[in-house]
Amino acid sequence: MEQGRDEFFMARCLQLARLGAGHVAPNPMVGAVLVCEGRIIGEGYHRHYGQGHAEVNCIASVRTEDRHLIPRSTIYVSLEPCAHHGKTPPCADLIVAEGIPECVIGCIDIFAKVAGKGIARLEAAGVRVKTGVLEAECKALNSRFFTFHGLQRPYVVLKWAQSSNGFIAAEGGRPVRISHPVTDRLVHKWRSEEAAILVGAKTAQGDNPRLNNRLWSGRQPLRIIIDLNDKVPASHQVYDKSQPTVFVTTKAKPDQDHILVDGVQSLLPQLLQELHARSVQSVLVEGGAYTLQHFINDGLWDEARVITGANPLPTGVVAPTLHGAVLEDTLLLETDRLFFYRHG
Ligand SMILES: NC(=O)C1=CN([C@@H]2O[C@H](COP(=O)(O)OP(=O)(O)OC[C@H]3O[C@@H](n4cnc5c(N)ncnc54)[C@H](OP(=O)(O)O)[C@@H]3O)[C@@H](O)[C@H]2O)C=CC1
Ligand SMILES: Nc1c(N[C@@H]2O[C@H](COP(=O)(O)O)[C@@H](O)[C@H]2O)[nH]c(=O)[nH]c1=O
Ligand SMILES: [Zn+2]
């Protein structure tokens with residue numbers, strides 16, 4: 001089907017919104033364009049957390065000689081304009097104050113202080129509002145934000161590397177490098193993109209991992225270690241204070257940031273509830289098999305990324321088994337095959 005005019009301009013909003021990736025979380029990425037008689041006269045996106053919203057930057061970008069066109073223009077925004085006084089004044093009020101007669105919206109904001117209220121303000125002031133243009137794409141762009149507010153838990157990405165015959169470690173849990181160094185760079189990019197990284201006690205104990213982002217630019221994730229019985233030695237790297245780290249435990253740890261749980265019964269729902277309370281919007285779960293399988297069996301995951309290396313292992317720790325997974329994409333990276341699943 002030929003792309004319509006609204007879809008064309010909304011696609012541009014999405015392109016702009018993506019430029020905020022890595023800088024706006026836990027806010028959503030948002031893009032806006034202002035169009036007069038088919039010509040874009042202003043463009044903007046949310047660049048940095050706490051700074052101007054897409055609509056503000058879009059309107060501010062209009063050249064002096066085009067400003068008289070604003071009251072004859074349509075503003076396109078990938079997310080419903082806000083209606084609340086947050087770190088900036090409401091964008092719905094700005095649209096009204098600028099005399100913009102029409103607003104085309106990608107998707108409704110799920111955030112309770114906005115949800116539907118931005119549209120109501122616009123309509124009450126006589127602005128014509130159209131919603132749902134490229135809605136699925138606009139929601140998918142901010143899947144972490146929508147999961148966090150909609151399901152009241154972080155967005156969960158599972159990730160592991162397995163040998164060509166399905167083992168994630170060698171016999172007795174001896175750690176092995178499975179993925180290609182080029183894939184490792186991509187994995188570190190993934191680490192930079194999520195708010196937190198999580199492993200189980202046996203991985204923290206046996207691998208002595210750093211769980212940081214050192215092969216890509218950008219931020220470091222919060223490290224989360226499930227170590228209910230305090231088995232990981234304090235000499236291990238997860239204790240090195242090089243980045244924020246929280247231990248999930250049944251006994252208080254006075255010198256460490258920790259999350260207290262009351263045992264293994266419903267451990268993951270308890271943990272995710274606490275992470276939501278701490279505003280952790282997403283978690284990359286790197287393993288091991290036991291930990292990953294618990295997330296899978298509890299249905300508490302959104303994406304899984306499985307790296308299959310070129311070589312087999314004679315035996316070892318068996319990779320987790322996914323249930324309800326929909327294969328979305330595959331990628332050949334050097335000698336690795338990458339499989340991208342979403343939870344169906
Ligand atoms: N190739 C790869 O991608 C990866 C490979 N690995 C490999 O995996 C192996 C370790 O995996 P595995 O043996 O499965 O162990 P895990 O690393 O998954 O650790 C399991 C332990 O974590 C705690 N735990 C985690 N989740 C829960 C839960 N939901 N409920 C209760 N306790 C929980 C428990 O310890 P406790 O009760 O003591 O707290 C449990 O015994 C290592 O050999 C490592 O090298 C690890 C990561 C990735
Ligand atoms: N072996 C293996 C992975 N293992 C994961 O990486 C952790 C080590 O992290 P770090 O110490 O920061 O390098 C380790 O504990 C486990 O969670 N990952 C992969 O992408 N490919 C691999 O082949
Ligand atoms: Zn706003």
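Keep in mind that glycine also has a Cβ here, set from the backbone N, Cα and C atoms.
For reference, TrEMBL has these:
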type	residues	note
ACT_SITE	Glu55	active site, proton donor
BINDING	His53, Cys82, Cys91	Zn(2+) binding site
BINDING	Ala161, Asp207	NADP(+) binding site
BINDING	Arg191, Thr203, Leu211, Arg214, Glu286	substrate binding site
DOMAIN	4-130	domain 'CMP/dCMP-type deaminase'
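It is 34 Å from the Cα atom of Glu286 (substrate binding site) to that of His53 (Zn(2+) binding site).
For the recorded site, Arg214 (substrate binding site), the DSSP three-state label reads coil. Neighbour density at the Cβ, taken as the number of other Cβ atoms within 10 Å, is lowest among the binding-site residues His53, Arg191, Arg214 for Arg214.
Look at Ala161 (NADP(+) binding site): DSSP puts it in a strand.
Checked against ligand 1, the binding-site residues His53, Cys91, Arg214, Glu286 give Glu286 as the ones with a Cβ under 6 Å from it, listed in sequence order.
Residues from the binding-site residues list (His53, Cys82, Cys91, Thr203) with a C-beta closer than 6 Å to any atom of ligand 3: His53, Cys82, Cys91. Taking a Cβ distance under 6 Å to any atom of ligand 2 as the criterion, the binding-site residues Cys82, Cys91, Arg191, Arg214 reduce to none. Burial estimate for the binding-site residues (Cys82, Cys91, Ala161, Leu211): highest at Cys91, by number of other CB atoms within 10 Å. Long-range Cβ proximity for Asp207 (NADP(+) binding site), meaning a same-chain Cβ under 8 A and a gap of 6 or more residues, is found for Pro175, Val199.
Here Arg191 (substrate binding site) is compared against the binding-site residues His53, Cys82, Cys91, and the shortest C-alpha distance is to His53.
Neighbour counts were taken at the CB atom with a 10 A radius for the recorded positions Glu55, Glu286; the maximum falls on Glu55.
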